[in-house]
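Student: My structure is below; once you've seen it, I'll send some questions.
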Amino acid sequence: MRVILLGAPGAGKGTQAKFITEKFGIPQISTGDMLRAAVKAGTELGIKAKSIMDAGGLVSDDLIIALVKDRIAQADCAKGFLFDGFPRTIPQAEALVTAGVELDAVVEIAVEDEEIVQRIAGRRVHEASGRVYHIVYNPPKIAGKDDITGEELVQRKDDTEETVRHRLSVYHSQTKPLVEFYQNLSAKNGGKPKYSHIPGVGSVEAITAKVLEALS
């Protein structure tokens with residue numbers, strides 16, 4: 001099962017990725033992990049990527065695609081793989097097609113922006129223990145205080161409304177167009193890869209059931 005999972009930051013992709021990889025026995029592949037592994041292993045591509053990153057440059061799509069082809073040829077990808085946060089842009093998606101990388105399914109987990117803002121901006125964290133609360137869905141017994149220690153809860157910088165809205169605007173301009181790209185690709189190729197749009201609201205179990213049904 002060769003899968004791409006699409007969706008905005010905070011849509012719940014991480015949770016669903018875990019269920020998919022366990023169910024199908026496939027690895028979750030992110031470009032970040034892939035780059036780090038190639039650099040660590042000192043492969044030819046890894047050395048190239050490291051020199052670019054050390055100079056503060058952006059790794060080109062050509063190099064990313066070469067790394068992807070390398071990665072999916074490894075033994076743990078025999079049953080397939082799940083791409084996490086890749087492709088991010090239309091040129092990357094087109095390069096994947098040109099490189100002959102076949103996909104079985106593209107699953108979009110769709111959640112409205114306002115719901116995502118509420119989900120993420122409502123998070124509060126007890127830094128020392130890592131305990132996470134939510135002012136609406138999982139509030140502490142006393143507002144702003146950790147249940148166990150009574151210490152102050154904080155909002156992570158990444159979780160502020162301003163940061164979340166910025167990340168969403170980047171997603172809409174760069175990654176959202178992939179939805180249309182894969183819908184068109186599927187229509188053109190007689191339903192391959194199979195494209196599924198799944199609303200990411202409701203219980204985790206209900207969303208997982210819909211995701212697994214889409215992949216069956």
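Cβ atoms here come from the backbone N, Cα and C positions, even for glycine.
From Swiss-Prot, here are the annotated features:
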- Gly10, Ala11, Gly12, Lys13, Gly14, Thr15, Arg123, Val132, Tyr133, Gly202: ATP binding site (BINDING)
- Thr31, Arg36, Gly57, Leu58, Val59, Gly85, Phe86, Pro87, Arg88, Gln92, Arg156, Arg167: AMP binding site (BINDING)
- 30-59: region 'NMP' (REGION)
- 122-159: region 'LID' (REGION)
Student: Nearest of the binding-site residues to Tyr133 (ATP binding site) by CA-CA distance, picking from Gly57, Val59, Phe86, Arg156?
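Tutor: If we rank Gly57, Val59, Phe86, Arg156 by Cα distance to Tyr133 (ATP binding site), first place goes to Arg156.
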Student: Counting across all protein chains shown, how many other Cβ atoms sit within 10 Å of the Cβ of Gly12 (ATP binding site)?
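Tutor: Cβ-Cβ neighbours of Gly12 (ATP binding site) within 10 Å number 21.
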Student: Restricting attention to the region 'LID' (122-159), give the mean pLDDT.
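Tutor: That stretch averages a pLDDT of 96.
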Student: Given the binding-site residues Arg88, Arg123, Arg156, and counting only Cβ atoms in the protein chains shown, which has the most within 10 Å of its Cβ?
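Tutor: In terms of Cβ crowding, the pick is Arg123.
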Student: Using DSSP, how many residues of the region 'LID' (122-159) fall into helix, strand and coil, respectively?
Tutor: 3 helix, 12 strand, 23 coil
Student: Would you work out the biggest C-alpha to C-alpha distance among Thr31, Arg36, Gly57, Leu58, Val59, Gly85, Phe86, Pro87, Arg88, Gln92, Arg156, Arg167, the residues that bind AMP according to the record, and give it in angstrom as a whole number?
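Tutor: Greatest Cα-Cα span of the listed binding residues: 31 Å.
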